[in-house]
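Remarks on the structure that follows.
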Amino acid sequence: MEVCYQLPVLPLDRPVPKHVLSRRGAISFSSSSSLFGAPDPRQLSQRRGAISYDSSDQTALYIRMLGDVRVRSQVGFEPEGRGSYPYLCIDFRTLHSCSESTSASSLIPGPGFISAGPVSGRRLRRLLSFQRYLHSSRLLWGTTHLNPLHILDEDYIGQAKCMLERVGSWNFDIFLFDRLTNGNSLVMMTFHLLNQYGLLELFQLDMVKLWRFLVMVQEDYHSLNPYHNAVHAADVTQAMYCYLREPKLAKSLTSCDILLGLLAAATHDLDHPGVNQPFLIKTNHYLAKLYRNSSVLENHHWRSAVGLLRETGLFSHLPAEEGLKMERQLGSLILATDISRQNEYLGKFRTHLNQDDLCLSNASHRHFILQMALKCADICNPCRPWELSKQWSEKVTQEFFHQGDIEKKHKLEVSPLCDSQRNSMGNIQIGFMTYVVEPLFAEWGRFSDTRLSQTMLGHLGLNKASWGGLVQQERPSSPEELEPSSPASVTMPTPAVTESEPESASAAEPTAITTATATATGATNSKEIPQGSKES
């Protein structure tokens, strides 16, 4: 059968590993199965790369690639761009988006996609049944976690493990890690960090339930979203880990604080639809009505996370009151990522620092610092090295402009930051860095004056200068386009909401942002903020 994998680039001058040379067997790419047809040789010959198999010289399988090579299954649907089921040897990503399309002909095939025509209902049921069987049987066997990375060669698993040894580095390349883990970066990252802290044993977490929970979390992120997807969640989780290791936090936080911090980072954008809150409101979306147009996305992320916790029974062994308390605290952390409440949290943080009254032996103060750490992790992309930061900027801008195209198509008012004809990536980033990122990280640097804080601020300054240079090269038609929006043009709501009661956030009223560039600083209530491109 055809197998679907996406592998990172191997240097052309890299020697063949000895463990590869010693193997005689490899992998079959053909089958007589009626479910999967054999690939067209003419299409295979056009791919950039080669797969060699020569039993005479004992070279089992070796790949040299000039670019990413994808071999896709011929089910008839366009596979999503990222993410797969880590518990399956066969990639069923092709089935994930079929609910939104009735036939393969309605989708635009990507590079290398092999069209096979529509799939019959009977064939689809066979695939789904086979998938459910594999998943349930592996969970019952309790072996799901033993072999999470189904990649063509063990060499890639080894590289992923090597990267996890440096997971505390601020230069961690989450994009490379996602390729090495075959799109399972969120599952692998979160499981590794929870295990590294010894939280599985400490809280007596069932490993099968935990693995199932993480897989469901990863799959509930929309992999078609350019920015708000599982890779972003994995990146935020890695950043959160870096902050948890800072001296002030490492010596003060409890195991429960660490568990909640990592779970909140992994689920903070769960089931994000790829559009912002104003879009949900003006289209009368049921979520906007459910949460009364206030912190709509954040409330949905939190409730979705709680739903998965209860469905998997991850905390079912804990006393009921303790489980409910952890759910409320998880919600308080996730709701803190609402960018419309930026001034509220930043003002409170600044007041604590000015009065020097933060006491991390106090549970409420520790929780507040966790909220600030998650806020920093959520919008830390401008503080990453330029090569990583620029990729995130491109992704969030793509997501914004895609929303703008939808609004134009349906003759809706185009949301700020979402009009590709009136906004540029550089101006969005400069405004976001100036009025959102710099104030927050300056205060975080006051709280935790460490090498990491200085590194983040250094990258932030360099990245802002780089975007300024790119904007100058664009030669805009008017001088005003070079200037980021002024602080006066941005108004943020500051509802009185206590951190310990997430439900009360629904009383907050969203505030409109008066200019398009101003939104680069905090696109209303939802998440239109480019995080280094971001808006969480």
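Placement of Cβ uses the backbone N, Cα and C atoms for every residue, glycine included.
All TrEMBL annotations are machine predictions without curation.
TrEMBL lists His228, Asn229, Ala230, Val231, His232, Asp269, Asp378, Gln429 with the feature AMP binding site. Residues or ranges marked as active site, proton donor in TrEMBL: His228. Annotated region 'Disordered' per TrEMBL: 470-536, in sequence order. Marked as compositional bias 'Low complexity' by TrEMBL: 495-524.
All chains included, 27 other C-beta atoms sit within 10 angstroms of the C-beta of Ala230 (AMP binding site). Asp378 (AMP binding site) has a Cβ environment of 28 other Cβ atoms inside 10 Å. In this structure, of the binding-site residues Asn229, Gln429, the smallest number of CB atoms within 10 A of the CB marks Asn229. Cβ neighbour count for His232 (AMP binding site): 27 (other Cβ atoms within 10 Å of its Cβ, all protein chains included). Of all Cβ atoms in the protein chains displayed, 29 besides its own lie within 10 Å of the Cβ of Asp269 (AMP binding site). Its Cβ placed at the centre, His228 (AMP binding site) has 28 other Cβ atoms within 10 Å.
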